[in-house]
Structure formats: structure tokens, C-alpha cells
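Enquirer: Structure incoming, see below.
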Amino acid sequence: MSGAALGLEIVFVFFLALFLLHRYGDFKKQHRLVIIATLLAWYLCFLIVFILPLDVSTTIYNRCKLAVNSSPAESNGSYVTLAPSKQKCFKPWSYIPDGIMPIFWRVVYWTSQFLTWILLPFMQSYARSGGFSITGKIKTALIENAIYYGTYLLIFGAFLIYVAVNPNFNLQWNQLQTIGIAAANTWGLFLLVLLLGYGLVEIPRSHWNGAKRGYLLMKTYFKAAKLMTEKADAEENLEDIMEEVRKVSESIKYNHPLRKCVDTILKKCPTEYQERMGRNMDDYEDFDERQNSYPSEKSLAKLHKQVIYSVQRHRRTQVQWQILLEQAFYLEDVAKNESSATRQFVHTFHSQEPENKIIQYFYTPTVEWYWECLLRPWFYRVLAVVLATFSVIVVWSECTFFSTNPVLSLFAVFIQLAEKTYNYIYIEMACFLTIFFLSICVYSTVFRIRVFNYYYLASHHQTDAYSLLFSGMLFCRLTPPLCLNFLGLTHMDATISHKNTQPTAYTSIMGSMRVLSFVADGFYIYYPMLVVILCIATYFSLGTRCLNLLGFQQFMGDSEMTSDLIDEGKELIRREKRKRQRQEEGENRRREWKERYGNRDNSTRSRAVHTDQKESSFSETNANRTLSKYTRSNGRTERDRIELLQDAEPLDFNADSVNDDPLESDSGR
């Protein structure tokens, strides 16, 4: 089993990252480099979270071996040891051989840092660029990232000057490396505490509110009203951009040097707009530089960038609107079925996607009714209580993890109790649940936050390249300080525990933070206490209230604007529901007509075809006989028919006369 657990987790985490990226990204339409870079960033961050518990259990076993192999007289304070007769070590099932973990952490950590500080920002600017060539996009990306990279150099230079001026330090490569790691972790810890304080409160509260049917339905109505406004804005913006593209396409003719750029822009437009512009084009007209003023390549690049953004936004709002309608219809069905006497779940509309036969066999309407109307609310309540308990433990441990005598951090107490009995399964499960809960609180906030329309992770393949790359940057910056914070909570970090024990392989890669004492003894210890204030602010929805005052409508139960938007959303959902019902009724009528008259029409059609075949065969036999006889008479008949058509007067049809006297209409027929 040596190293087997590590290999299994590496494979499992890869498919987990691939599944999440497939849910948010679009493998068919987005660039392959964007998909690969985002997948690599997500994969490395998730891998650190899953592998770190194995590192903890392996470190505890190595400490035990050192304690057994060294006598009390030989320990001299280098390691915390016990007498060999009183201690016995057991190798964990997931033991990783010596030398593997340091190399593994070094490769994973520095690859993620290269992605987040150099490659992903450059690819972000490259993806948003409206250039028409690779060289133009690279030039734009370098110019946009000049200030970005300059800020990093300024921060690193400040740390470097501090170490150079201090006479107690000698500048060495290891110390410079530690300074860079400290600078990156300080930035990440600053953002980590903000996101963690929000997630510790919002995740249990969202699950508790998930048990309230009326709450979810009202919030869905509120989202529908806001999304309809955004959808209308996206459609209007797309119309304006397409009008500009049409004018540019009509002004720049087929033999203009910039016509290739215009064709590139047209390929990014929706199909209906491409067909409309193609019909209005006149490629036979040459351009004349003396008569018209043509746009420059720079203005076309700006227009290209606007087209990409507007088309992506329009497509995203259309898909989100359909998904939100399905959610609203389903919640309304749940509210109706709660009082059902048959205890079978009845849907208003059938699912548009074909369902799995296995799911249909087990998830029957009766099972669905018991789950949706009885079990699911209680399950969400119990889950919310469990998550709230975890949140309280995390907040308490964040405020007391610096205390080593006595040990007040509950996570450290759990790990130390398991370490005494060398129960590695319990150690790994406790470490995994702790860091997994911390990761959920932080990563879910990254998936939820939205910075206007610049950063927004939308599911169902509707996330743009810029947001995917930005999420990869955030994950790579947040994961290392998250792991250091976890090691501090469990007292596995020597900087926190103040014990001269063997460190974990992950801590050894980070280096000794004693190089910067004000960071190790000050910021890393006291700044996480700010999570208490952030949790209180999140509990009372202070951020939501501030955004509501600034004009950004947020869902608040005691707001008049919220109630107005709920009423508006309810009317929109009712309108879409009537439209869907009329469509289904029309399809049902057509289906019934085909089932009722389809066989009769087919038999009638077959008899008519058989009769036509007989008549055609009979006429073919007599055709040669009558051809010579009627050749002259045909010419006379054709001339008479033409004269009658020329002498005929047009009839004046008046619909009122027909409606006024139905008897005349019958006699006319």
C-alpha cells in the first residue's frame, strides 16, 4: 500500500477538477490553452487539499520512529522523544516513503505560483484582447500587465530592503526564497480571512433557508426580476454592437486591406445577424479612400472585443433565464404537491431532457414526493446544524490556536489525542474533514461572488475565459495560506507550536518564517482573529444592506424594493408558464390529430396513388392514338382560352357583403 493512496488521490482529484471545469467552462468553444491552464490551476489547488492529510499522518509516524530510535540520553532537545520501552510505532496504511513528499510539494507549489503570478494574468489579458493576430494580442497583454508586474516587484523590493537593512540577517538564496513565499502568503491570507468569514456563516444559513419552501420561491421570483432586467440590457447592448458592425461591414468593401479583420468580427456574431448582414452587402462596389473615412485597425480591435463580450453575455443570460424558469416551475410544483392526498409528485411540465431509465425506476413519483415534501427539509435542517457546529469550532480555533499551554484549539486537541494512540485513520479523517470544510467555505465564496460583469462563474458552460482564468489565479493564491492556517490550527506548524519537532514536508518547503519575525509572530497569528468580526457582519447582512443602499438590489425580506421585485418576478413566471402551457397544448393537439387521422390519411393516400397509376397507364396507351387527331384543335382551344382571359373583368371582393348576408354566400358557393 506504500504510495498507493497518493496515486489514487492524484487520479481522483484530476477527474474532480475536470468535472467542475466541464460544468462551468465550454470545451468546444473556448480556447484549448485557456482550458488547460484553468484545469491545471484547479487541479493543483485541489490536490494540495487532498494530499495534506497524508503528509500529516506520515509526519506523525516519522516522529514516532525518531522517538523510538533515540534514547532519552541522546535526545538532548533535538526531538521530543519517549523511552523505547514505552513506545511502539505502527506504519499507517497510507504511508508515503521518505523523499517523495518534499519533491512533490516543491513541484506543486512552485508550478501553482508560476501560474498565478505570471502565466494566468498574461493569458487573462490575452483572452480579453480584441487583436486579430497572435502578435497583436501578446503586445496588448504585455502592456496591460506592465503595471501588474511592477506592483509585485515593488512589494518584493520592500521586503528585500527590510532584510538588507537589518544587520541580523545575511542575504542568502534560501532567505530570499522565504521572503517571496512570505509576501505571497501574506497577500493570500488577507483575502482568505475575508472569504472565510463570509463562508462560515453563509453556508449554514443557506442550507437552513433551503428547508423553507416559501423562502426559496420568493428568492427565485426576485432573481427572475433581476435577470429579466439584465437579459433586456444584454439584448439591447447586442443590438447596438451589431448595428456598429453592420455599418463597418458596409463601409469596408471586399478589396479593402482591413476586410479580413471585419470578416473575423463577423464570424463572432450570432448566425441570424451574419445572414442579415450578408444579404445587405454589396461586394461588387470598390472602396475609395478619398470619399469615405474608414476605421483604423485599433478601433476594429476595440469593436472585436466588444462583440466577444456582448455575444457571451447575451448567450449567458438566455441560458440562465431558461434554467431559472425550470427552477421556479419546480418550486411551484413542490408547493402544490405538499397538500397532495395521493402522495405522488405531479409535475406541471414534463422534462425536456430524456431521463435515465435507472433513475425513473428507483426515483418514482411516490419516492419523489416523500423526498421533496417530507425528508428534504429535515435533511437540510440537520445539515445546517452540523455545518453551524463546524463553523463555531473554526471560529473558536482561529481565535485560540496560538495558545500552546494549555491547548485551546479544538482541532489541535483532536489531533493530539489521536497521536497518542497512533490511530492514523482517525488522524487522516479529522484532518481531511477540517481542511475540506475550510476549503468549501473559501472556494464556494469564490464561486458565488460576482464583480459586476467582469468576473462571474456561471454554471452550464456559460463562464467566459476571463472569469475561468481569474478563478484559477484566486485558487492558487488562496490555497497555500489556507494550508498553513490549517497546520496552525492543528499545531503541526513549528512556528505556532514552538516545539522543536520534525516539521511536515509542506512546512519544510515554505521555509522558516522566522526570517520575518513581524509576519510570523504578528500577522499570521493575530490577523485570523478578524474572522470573528466578519462572521458577525455576515450574520447581520451588513454587506447586503450596504449594497442595497448603494443601489444594487439585494434580496432582503424587510425591503420595499425587494417586495416589488418579487411581485414583478411572480408575474414574469406566470406569463412564461402560460406560454409554456399553450405550447404543450398545441403539441398535444397535433399529436392527437396524427394518432387519430394518421392511418386513415395513409390508406386514402395509398388508394389515390393506386388509382393514379391505373389512369396514367391507360392514358399512356391512348396518347399516341389521339395525338395527331387533336393537334389542330388544341391550337384553336388555346387561342380561345387566351381571348377569354383577356376579356374577363376583375371581381371586386367585399368581405362585409359576405358577412352581412350568409344566404348569398351559400348560394354563391
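Just so you know, glycine gets a Cβ as well, placed from its N, Cα and C.
Reproduced below are the annotations present in TrEMBL:
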COILED    224-251  coiled coil
COMPBIAS  582-617  compositional bias 'Basic and acidic residues'
COMPBIAS  618-634  compositional bias 'Polar residues'
COMPBIAS  635-644  compositional bias 'Basic and acidic residues'
COMPBIAS  658-669  compositional bias 'Acidic residues'
REGION    576-669  region 'Disordered'
TRANSMEM  6-21  transmembrane segment
TRANSMEM  33-52  transmembrane segment
TRANSMEM  103-126  transmembrane segment
TRANSMEM  146-165  transmembrane segment
TRANSMEM  177-201  transmembrane segment
TRANSMEM  378-396  transmembrane segment
TRANSMEM  425-446  transmembrane segment
TRANSMEM  466-489  transmembrane segment
TRANSMEM  523-542  transmembrane segment
Enquirer: Determine whether the transmembrane segment (425-446) and the transmembrane segment (33-52) share at least three Cβ pairs under 8 Å, counting only pairs 6 or more apart in sequence.
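Expert: In contact, yes.
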Enquirer: Six or more residues beyond either end and a Cβ under 8 Å away: which residues meet both conditions relative to the transmembrane segment (466-489)?
Expert: 21, 24-25, 30, 34, 37-38, 40-42, 44-45, 48-49, 52, 56, 109, 112-113, 115-116, 120-121, 123-124, 127-128, 181, 184-185, 187-189, 191-192, 195, 394, 397-398, 401, 409, 411-412, 431, 434-435, 438-439, 442-443, 446-447, 454-458, 495-496, 504, 506-507, 510, 524, 528
Enquirer: Below 8 Å between Cβ atoms, which of the listed ranges 33-52, 103-126, 177-201, 523-542 makes the most pairs with the transmembrane segment (146-165)?
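Expert: If we count Cβ pairs closer than 8 Å to the transmembrane segment (146-165), 177-201 scores highest.
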Enquirer: Go through the chain and flag residues at least 6 beyond the ends of the coiled coil (224-251) whose CB is under 8 A from any CB in it; none is fine as an answer.
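Expert: The answer is 262, 265-266, 269-270, 273, 276-277, 280-281, 292, 294-295, 300, 303, 306-307, 310-311, 313-314, 316-318, 320-321, 324-325, 328, 553, 565-566, 568-569, 572-573.
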Enquirer: Is the transmembrane segment (523-542) packed against any residues at least 6 beyond its ends, judged by a Cβ distance under 8 Å, and which are they?
Expert: 186, 189-190, 193-194, 196-198, 200-202, 205, 391, 394-395, 398-399, 401-402, 484-485, 488, 495-496, 513, 556
